[in-house]
Amino acid sequence: MSVNLDLIQLGILSAQALALALLVISLFAARRWLGIAPLCMSLAVLQQAQALTGHGGGVAGLPVSPGAAVFFTASLFAVLLIYIREDGREAGKLALGLAVANAVSALVMVVVGFQPGQPGALLVEGPGAGEALGNARFLLVSGALLLLGSLLMVAVYRRLDGVVRSPFLRASAALVGVLALDAVLFAGLLMRQVPGLGWALGVTILAKLVLALFFAATLAVYLRLAGRVEPAVASDRLAGRALTHLSYREKFELARRELRRDALTGLYNRGYFDEYFPDAMARAELEERPISLLLVDLDHFKSVNDRFGHAAGDAALRAVADALLGHLRPTDRIFRYGGEEFAVVLPDTGPQDARRVAERVRAMLDMPASAAVPAALSATIGVASAPEDGLTPDALFAAADARLYQGKREGRNRVVDANPPSPSNPAVVLSIEQARRARRLQPC
Ligand SMILES: Nc1nc2c(ncn2[C@@H]2O[C@H](COP(=O)(O)OP(=O)(O)OP(=O)(O)O)[C@@H](O)[C@H]2O)c(=O)[nH]1
């Protein structure tokens, strides 16, 4: 079996996808003035077009017209867009609304379809009872699949939040997964009688994959452009003005991000350290990878405040934060743990490398007075690594803290780690293994 899909049809389909993406984005962007109803109503109307193109035949060799898949994907795209820029509730309302609208349309078609020649038949001018029934069934099924697909798509997108940074990759994964599942379900429900199903299914999945990537790319471009117009994290100066224009979801994201940050330095704060560090350690243990913690404390910082004033002390803390940010890997997390104390989590880093990083940080913070820092600075650093120094966040923190204070006692401006390294003793290595095994056996 072959598909007679020529270049002109491909061109029409691409234009259809582009036009729908632009329509959805324009109506979505205009929601501030028009409300969300025009987008929802337009999508509800497009469901009819989807049923007509889908059920009313299409490309020879394919049981369902690719045009219907474009309409379907555009609806999913709208749900995802609303989820990202508004919230899950609003996205759920749209998906449910479309499923209900489809069910009502299906009912109307059935009623009208069974009254040929009656006044009501004018509503479906043309198709007879059989075709009206087919359309009704198509609408019901696609409404249900849209609802199911939306739930799944949002769940996948949410699951990848914080794991995959690129919105394009997240949206692609969510749309590809849902569309592939949709193709399989659709095949099971509607295409059973069609010969050559497996082959047609393959083509359908491939086409949906291309569609998913197209809509994900459109979404990423829109988010980037919209982000420029309405920055997700507003600057202090803009905050008042921007906040009034942000959606609830954007305000929530902004507040969540702000909650994790220290206001003075912009680094992550102690609250987020308490949330992040146990997770990072659990991940490291699960993947059997090392992880290290540096506790960095500035030396005699009180004298900076005392001699130059609190504002100069603040400027010095900001300079230290910038220096740390500039010298560590993007995967390392830097926290302002307390006043002049910083915590640095180094994933995938064992004791030797952690020592090297700590030495580099210490040398970098051994700063003479300059325009940025009013007095010479230095720092003492305590280093601890898992699994060698312990397998729990508390144990690792306590080890790094004890070494930091040892460094202070021994004269400051130094790095203290386990020296000699803890696992040099085979008994220690054994006890780490035993602790790991015991933890794995514990019920969740
Ligand atoms: N300017 C400024 N100073 C701060 C801030 N937070 C804490 N500090 C100051 O940091 C100083 C910390 O003093 P101490 O805990 O005695 O430690 P230290 O003087 O650095 O001495 P050692 O740690 O023992 O080397 C205090 O003077 C705090 O006021 C802040 O946000 N801004």
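The backbone N, Cα and C atoms fix where each Cβ goes, and this holds for glycine too.
Because TrEMBL annotations are produced automatically, they should be read as predictions rather than curated entries.
On a predicted model such as this, the values are computed, not experimentally measured, just so you know.
According to TrEMBL, the features are:
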DOMAIN    289-420  domain 'GGDEF'
TRANSMEM  7-29  transmembrane segment
TRANSMEM  64-84  transmembrane segment
TRANSMEM  96-116  transmembrane segment
TRANSMEM  136-156  transmembrane segment
TRANSMEM  168-191  transmembrane segment
TRANSMEM  197-223  transmembrane segment
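Taking Cβ pairs closer than 8 Å, the transmembrane segment (136-156) reaches residues 47-48, 50-51, 54-55, 68, 72, 75-76, 79-80, 83, 88, 91-92, 94-96, 98-103, 105-107, 109-110, 113, 173-175, 177-179, 181-182, 185-186, 189-190 in its own chain, all 6 or more past its ends. If you look at the transmembrane segment (64-84), the same-chain residues 6 or more away from its ends with a CB under 8 A from one of its CBs are 5, 13, 16-17, 20-21, 23-25, 28, 36, 39, 43, 46-47, 49-51, 53-58, 90-91, 94-95, 98, 142, 145-146, 149-150, 153-154, 157, 167, 171, 174-175, 178-179, 182, 186, 190-191, 204, 207-208, 211-212, 215, 218-219, 222-223, 249. The residues of the domain 'GGDEF' (289-420), classed with DSSP into helix (H, G, I), strand (E, B) and coil, number 58 helix, 29 strand, 45 coil.
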